[in-house]
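S.K.: Here it is, the structure, as structure tokens.
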4 protein chains.
Amino acid sequence: MNTKDSFRIGQREFTSRLLVGTGKYKDLNETREAIAASGAEIVTVAVRRTNIGQNPDEPNLLDVISPDRYTILPNTAGCYTAKDAVRTCMLARELLDGHNLVKLEVLGDQKTLYPNMRETLTATETLIKEGFEVMVYCSDDPIAAKELEAMGCVAIMPLGSLIGSGLGILNPHNIRLIMEDARVPVLVDAGVGTASDAAIAMEMGCEGVLMNTAIAHARNPVLMASAMKKAIEAGREAFLAGRMPKKAYASASSPLEGLIHS
Amino acid sequence: MNTKDSFRIGQREFTSRLLVGTGKYKDLNETREAIAASGAEIVTVAVRRTNIGQNPDEPNLLDVISPDRYTILPNTAGCYTAKDAVRTCMLARELLDGHNLVKLEVLGDQKTLYPNMRETLTATETLIKEGFEVMVYCSDDPIAAKELEAMGCVAIMPLGSLIGSGLGILNPHNIRLIMEDARVPVLVDAGVGTASDAAIAMEMGCEGVLMNTAIAHARNPVLMASAMKKAIEAGREAFLAGRMPKKAYASASSPLEGLIHS
Amino acid sequence: MNTKDSFRIGQREFTSRLLVGTGKYKDLNETREAIAASGAEIVTVAVRRTNIGQNPDEPNLLDVISPDRYTILPNTAGCYTAKDAVRTCMLARELLDGHNLVKLEVLGDQKTLYPNMRETLTATETLIKEGFEVMVYCSDDPIAAKELEAMGCVAIMPLGSLIGSGLGILNPHNIRLIMEDARVPVLVDAGVGTASDAAIAMEMGCEGVLMNTAIAHARNPVLMASAMKKAIEAGREAFLAGRMPKKAYASASSPLEGLIHS
Amino acid sequence: MNTKDSFRIGQREFTSRLLVGTGKYKDLNETREAIAASGAEIVTVAVRRTNIGQNPDEPNLLDVISPDRYTILPNTAGCYTAKDAVRTCMLARELLDGHNLVKLEVLGDQKTLYPNMRETLTATETLIKEGFEVMVYCSDDPIAAKELEAMGCVAIMPLGSLIGSGLGILNPHNIRLIMEDARVPVLVDAGVGTASDAAIAMEMGCEGVLMNTAIAHARNPVLMASAMKKAIEAGREAFLAGRMPKKAYASASSPLEGLIHS
């Protein structure tokens with residue numbers, strides 16, 4: 001594949017379609033190695049849980065994951081209200097010298113980490129007014145996705161399944177409904193558990209996939225990061241290559257013809 | 001990944017776990033380019049449909065897919081009886097100067113191309129007596145797979161779904177039963193339709209995947225060949241890396257706990 | 001099964017767990033016969049599309065589906081804003097002499113008929129203040145479901161898949177998350193396409209299922225209504241009976257043990 | 001549904017499409033009650049494990065499941081060779097006064113109870129020569145199914161999944177391929193775990209379903225037997241009623257149109 005298969009988020013252009021988080025690794029060294037192996041260009045950081053300068057005397061993640069090499073994407077993990085999420089984005093912008101690209105997540109409860117969509121919509125409105133470029137973690141609700149896009153989000157990021165569950169894309173139909181109408185990039189955020197899950201997301205036509213636990217909680221995170229890099233590229237290329245039609249059997253002249261109720 | 005992740009079929013050692021066919025391409029040039037892009041080391045050739053020397057005055061596939069570069073794997077596609085299949089393997093061995101590694105397929109009917117397992121078992125017995133190393137296309141019947149292994153097959157190659165269908169692996173449970181007991185490599189042969197299908201086969205622990213239509217009948221076969229190469233590697237690496245456990249939600253301390261009837 | 005397996009919606013008690021609509025039938029006679037065959041006790045009526053007295057000179061559905069025999073459940077199909085939905089419920093209450101049990105649906109767009117959850121939450125708040133008992137059609141968002149319950153809805157009715165799609169329950173995991181926390185009945189509303197879909201909903205532990213198209217658009221609606229009645233009962237009984245554990249094979253002493261990555 | 005929806009196995013006509021086994025119950029009383037609740041007309045008995053007269057001094061199953069009320073279907077469970085299976089059928093015919101309808105099963109191993117298809121084909125040939133009417137438990141191999149039918153089997157009984165597994169129908173595509181070509185009844189034998197599995201088999205167009213563990217190992221076998229009776233009827237009626245088409249959304253004028261790669 002040539003190098004022109006890039007995509008844009010807001011004003012930025014990217015080649016790698018795998019976005020990764022920094023949580024749940026054994027240590028900073030493993031974090032660094034796994035992220036390098038993933039080939040990611042965008043690395044998301046939970047501002048409430050990670051030191052990116054708030055505590056000047058402690059180890060700073062940005063010393064390991066350098067903003068010179070990676071686009072740092074601050075996220076609002078751990079926020080359960082619009083207010084908290086907005087405040088967290090403000091803090092991130094300050095710490096990152098005016099960097100205004102953020103991943104918004106406003107969670108519904110600690111048990112499921114499912115988004116609270118009402119609060120998410122409220123926070124989105126505020127953040128966009130405040131000049132942020134908002135990539136938004138959301139449910140797979142196609143109507144809410146359209147509202148978020150109408151508000152001006154630069155990327156819609158529906159969950160495949162619950163954060164940290166590894167259950168894959170449970171409702172591809174809804175993700176497709178979202179993509180069918182979206183004019184901004186749609187990226188699957190959360191739920192990917194293994195390489196084929198990532199490939200499936202890309203084969204559906206998603207612009208990218210964001211993951212964290214699937215890499216960090218694999219037995220061998222660095223090898224899994226490499227697997228994910230290849231899976232994302234494989235899925236993307238398969239999407240662009242145009243898969244063969246499914247058929248009930250090879251001799252059927254049209255897809256799935258022949259079989260009773262197939 | 002280091003280069004040591006090889007596998008053996010009989011006495012031969014291979015690194016690429018993607019095996020490809022040569023049928024259904026637009027022309028020999030596309031065949032050559034797609035196979036190169038796939039990274040395959042083993043290329044299977046339907047002796048009854050492809051000139052590998054039977055017709056000395058016509059274009060010879062081996063001029064394009066050189067035995068110096070690839071392990072040529074003659075197959076018996078188009079054979080519906082043990083007798084025909086055996087005769088075809090004999091012919092191939094003669095044409096290929098004593099090369100004794102073959103892929104046996106004895107088909108049940110033209111509509112489904114499903115294997116005729118009775119004839120397959122009979123042909124296997126004869127071929128092994130005749131000194132062939134037999135890789136055998138078979139149904140996903142775990143008992144038949146054990147019989148084939150007991151006879152001395154060097155690889156068991158159950159279908160994922162019908163040849164040319166692109167339906168993926170319809171019964172992963174049976175493939176797992178076959179792998180659980182096998183001491184020779186198990187490769188999925190037939191049914192893969194897109195990159196994620198290939199990744200899934202590898203994540204299950206298969207040693208490799210053989211495909212033809214999924215590449216040749218993609219809109220862009222060369223790009224799909226590249227996608228498949230990456231998908232096979234992604235699936236293999238994910239298998240070796242050890243995926244994260246599936247959970248009903250992130251906060252569940254054990255896999256899938258908590259959900260009623262999950 | 002004895003007759004005691006009833007359930008409550010608000011103050012009312014019901015035995016049949018199949019709720020049906022009245023739309024899309026060939027004529028009123030077919031409507032009547034199919035509903036009779038379904039055994040339904042609750043029949044939902046789209047107030048905006050059905051004459052239940054608004055037009056005194058035209059045929060009135062209630063002459064065919066008598067409020068003496070059935071609990072009439074007015075619904076707000078066709079409403080795209082909270083305001084419209086509230087107004088429609090008010091009209092229904094007037095026409096039905098103070099009957100206050102309604103099914104709220106506020107739709108997001110005409111293409112998908114997916115609920116607009118923001119408007120749904122707003123309408124719910126108003127209706128409950130106005131003294132309605134609200135059964136609410138909603139997405140399968142577990143956080144929104146909890147908000148709706150906290151507002152005082154008497155039943156949560158997540159979609160299985162889009163209205164009129166017949167795609168079944170696309171995300172059983174979310175429906176289970178909703179049920180796990182709910183203290184009011186959860187009924188699957190929309191998406192059921194055939195009998196097994198209805199049985200699956202009941203086996204998951206749902207209190208009931210509401211459907212319309214699956215019956216009305218079957219080739220033989222009256223026979224399908226009978227099928228649905230039996231499927232609902234079958235699924236309910238299977239849920240109560242407690243299914244056998246799934247096993248990788250019969251000789252496994254614990255569920256799914258033995259299989260690599262099963 | 002009227003009472004004319006019967007089907008034939010050989011010369012016999014049946015109305016109930018649920019066939020049940022007698023194994024794994026707590027006691028004979030539970031066996032009797034569950035079978036009565038199932039509405040089954042055909043009850044299969046493992047001749048090697050059940051006393052149907054071999055031991056004249058011990059309790060005889062036929063005192064509980066009377067041949068006057070039920071069609072007793074002797075089966076060869078526990079046989080691993082054609083020879084054993086044939087001998088068992090002979091014994092059964094003797095014990096049952098010349099009754100010649102049998103269910104043949106020749107198993108491959110104790111772990112999976114998957115059929116040994118080579119031995120099954122051999123036993124079938126012998127039994128038919130000996131004048132038996134053979135209902136045959138088999139894999140879901142469509143070529144083997146055709147061979148069995150050509151030999152003269154009166155019913156083809158492919159497994160849905162392994163005996164005692166409760167995993168449902170793992171490969172509906174193969175069962176459909178078998179049905180597409182069969183002129184004798186196809187019944188799913190083995191694998192059904194709960195009511196919806198049975199409904200799905202019937203919706204696919206199977207003539208019937210045979211089960212044992214799903215009822216006997218439910219927490220409440222008698223209630224599960226009732227659930228299965230209703231599920232079989234529901235699935236059959238849904239099949240006859242002709243389900244609605246699946247659509248990507250209600251407003252799509254043709255099935256599944258509109259969605260990218262749906």
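Glycine residues also receive a Cβ, built from the backbone N, Cα and C atoms like all the rest.
Remember, TrEMBL labels are computer predictions, not curated facts.
The active site, schiff-base intermediate with DXP annotation in TrEMBL covers A:LYS103. The 1-deoxy-D-xylulose 5-phosphate binding site annotation in TrEMBL covers A:GLY164, A:ALA190, A:GLY191, A:ASN212, A:THR213. Taken from TrEMBL, the feature domain 'Thiazole synthase ThiG' applies to A:9-255.
Structural setting of the listed features?
M.R.: DSSP classifies A:LYS103 (active site, schiff-base intermediate with DXP) as strand under the three-state reduction.
In the three-state DSSP classification, A:THR213 (1-deoxy-D-xylulose 5-phosphate binding site) falls within a helix. The Cβ of A:THR213 (1-deoxy-D-xylulose 5-phosphate binding site) has A:GLY23, A:LYS24, A:ILE163, A:GLY164, A:GLY166 as same-chain neighbours under 8 Å, each 6 or more residues away in sequence.
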S.K.: Check each of A:LYS103, A:GLY164, A:ALA190, A:GLY191 (the recorded positions) against chain B and write down, in sequence order, those whose C-beta lies under 8 A from a C-beta there; write 'none' if there are none.
M.R.: A:GLY164
S.K.: Need the DSSP three-state call for A:ALA190 (1-deoxy-D-xylulose 5-phosphate binding site) to compare against my parser.
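M.R.: Looking at the DSSP assignment, A:ALA190 (1-deoxy-D-xylulose 5-phosphate binding site) belongs to neither helix nor strand, so coil.
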S.K.: Can you give the largest Cα to Cα distance in Å, as a whole number, for the residues A:GLY164, A:ALA190, A:GLY191, A:ASN212, A:THR213 that bind 1-deoxy-D-xylulose 5-phosphate in the record?
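M.R.: Taking every pair among A:GLY164, A:ALA190, A:GLY191, A:ASN212, A:THR213, the longest Cα gap is 9 Å.
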